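Q: Before anything else, here's the structure in question.
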Amino acid sequence: MTNIRKSHPLMKIVNHSLIDLPAPSNISAWWNFGSLLGLCLGIQIVTGLFLAMHYTSDTLTAFSSVTHICRDVNYGWIIRYLHANGASMFFICLFLHVGRGIYYGSYTYSETWNIGILLLFAVMATAFMGYVLPWGQMSFWGATVITNLLSAIPYIGTDLVQWIWGGFSVDKATLTRFFAFHFILPFIIAALVMVHLLFLHETGSNNPTGIISDADKIPFHPYYTIKDALGFLFLITLLLTLVLFSPDLLGDPDNYTPANPLNTPPHIKPEWYFLFAYAILRSIPNKLGGVLALVLSIAILAVMPLLHTSKQRSMMFRPISQCLFWILVADLLTLTWIGGQPVEHPFIIIGQLASFLYFFLILILMPTCSLIENKLLKW
């Protein structure tokens, strides 16, 4: 008799995706972040659902409903902080996942890579709208500043902003629609994840060497299910440590003040995971130029498969490219730091130099360096 997991129409899909999936025998811990992102998405959807049961998307009661969740709802405080810090964990895993894709040349699977970029945009949009919902000072002013950037679009800009706001300023209509979008987007993300995995399973996983590994595969279960379970344990430990010991470590104190349109906070800044893009936005003195740079800071990932000039796929055996990759990482950390600083000397010039270096590295230096390494192979 055939095993049910190999014959049942639904179980067969699960079997081919998680159990009998042929996987490269040498993929390292850097390949754990895909499953960790799945775990993060699951945590966010479950905690978000429970929060939505008690939250009210009205400007008069939103702030107090979040307070009510923390004070009066059974275990409301832990659900709220798991959701808030879960977002930080989500982005840590996202950045490491994308970084691994760049380092090991996984972007050459262009369909999987492009769906991944769409996912990144969707997660960023969801996180931004989620930050607006508690209706604190930083929520309100963050929403005002970021949505206002769309007014830089020629001709339709002003109408577009008012259409998104649902009026002439960020108000009740804005909060209600942000709540609606924040609720629906994670399910769209989950659907995109399925497409992401569909394309990945068409080609199979890459591995650290970047060499085709068809001759050396092992079943996903039990080898990588155990490995992923260990990753889950690490992630949950880190998340619970953050939630139980310092839940507000990554938040902004200004968001504990109810939104006041008449009083601007001294430094308007987004959550830490957007600071690198915010620094790029601020480094360009022109509004439209800044908005374009902001979008391109993520969209530039789409040109990476086109700029791959190396004869080798992975950076594992390319020391010069490795050096440039780690300069890029350091540059992104610098941009993150600058994004949280006030707009004054010397932060302005540091931000401009770091923004220039970011685009220069990806568009010019890394492809040129790959060509030089191709020449060195012949020596």
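Yeah, the Cβs are placed from backbone N, Cα and C, and that goes for glycine too.
Just so it is clear, the model here is predicted, and its values are computed rather than measured.
Just lifted these from Swiss-Prot, have a look:
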- H83, H182: heme b b562 binding site (BINDING)
- H97, H196: heme b b566 binding site (BINDING)
- H201: ubiquinone binding site (BINDING)
- 33-53: transmembrane segment (TRANSMEM)
- 77-98: transmembrane segment (TRANSMEM)
- 113-133: transmembrane segment (TRANSMEM)
- 178-198: transmembrane segment (TRANSMEM)
- 226-246: transmembrane segment (TRANSMEM)
- 288-308: transmembrane segment (TRANSMEM)
- 320-340: transmembrane segment (TRANSMEM)
- 347-367: transmembrane segment (TRANSMEM)
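So that I understand the layout, could you describe where these features sit and how close they are to other parts?
A: In the three-state DSSP classification, H83 (heme b b562 binding site) falls within a helix. Listed in sequence order, Q44, T47, G48, L51 are the same-chain residues at least 6 apart in sequence whose CB falls under 8 Å from the CB of H83 (heme b b562 binding site).
Classification of H97 (heme b b566 binding site) by DSSP places it within a helix.
The Cβ neighbour count for H201 (ubiquinone binding site), using a 10 Å radius over every protein chain in view, is 14.
Listed as Cβ neighbours of the transmembrane segment (33-53) (distance under 8 Å, sequence separation of 6 or more from its ends, same chain) are residues 69, 79-80, 82-83, 86-87, 89-90, 93-94, 96-97, 100, 182-183, 186-187, 189-190, 193, 228, 231-232, 235-236, 239.
When Cβ-Cβ distances below 8 Å are used as the criterion, the transmembrane segment (320-340) is approached by residues 99, 102-103, 269-270, 272, 274-280, 282, 310, 347, 350-351, 354-355, 357-358, 361-362, 365-366, 369-370, 372-373 of the same chain, each at least six residues removed from its ends.
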Q: Any residues 6+ beyond the ends of the transmembrane segment (288-308) with a Cβ under 8 Å from its own?
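A: For the transmembrane segment (288-308), the far contacts come to 98, 102, 105, 107-108, 110, 113-114, 117, 120-121, 124, 149-150, 152-154, 276-278, 280-282, 355, 358-359, 362-363, 366-367, 370.
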Q: Please determine whether the transmembrane segment (226-246) and the transmembrane segment (113-133) are in contact (criterion: at least three Cβ-Cβ distances under 8 Å, sequence separation 6 or more).
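A: No, the stretches stay apart by this measure.
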Q: What's the number of neighbouring CB atoms sitting within 10 A of the CB on H97 (heme b b566 binding site)?
A: 20
Q: Taking a Cβ cut-off under 8 Å, which residues six or more beyond the ends of the transmembrane segment (113-133) line up next to it in the same chain?
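A: For the transmembrane segment (113-133), the list is 55, 57, 62, 66, 87, 90-91, 94, 98, 101, 106-107, 139-140, 142-143, 146, 174-175, 178-179, 181-182, 185-186, 188-189, 192-193, 195-196, 199, 270-271, 273-274, 298-299, 301-302, 304-305.
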Q: Test of understanding: give the count of other CB atoms lying within 10 angstroms of the CB of H182 (heme b b562 binding site).
A: 21
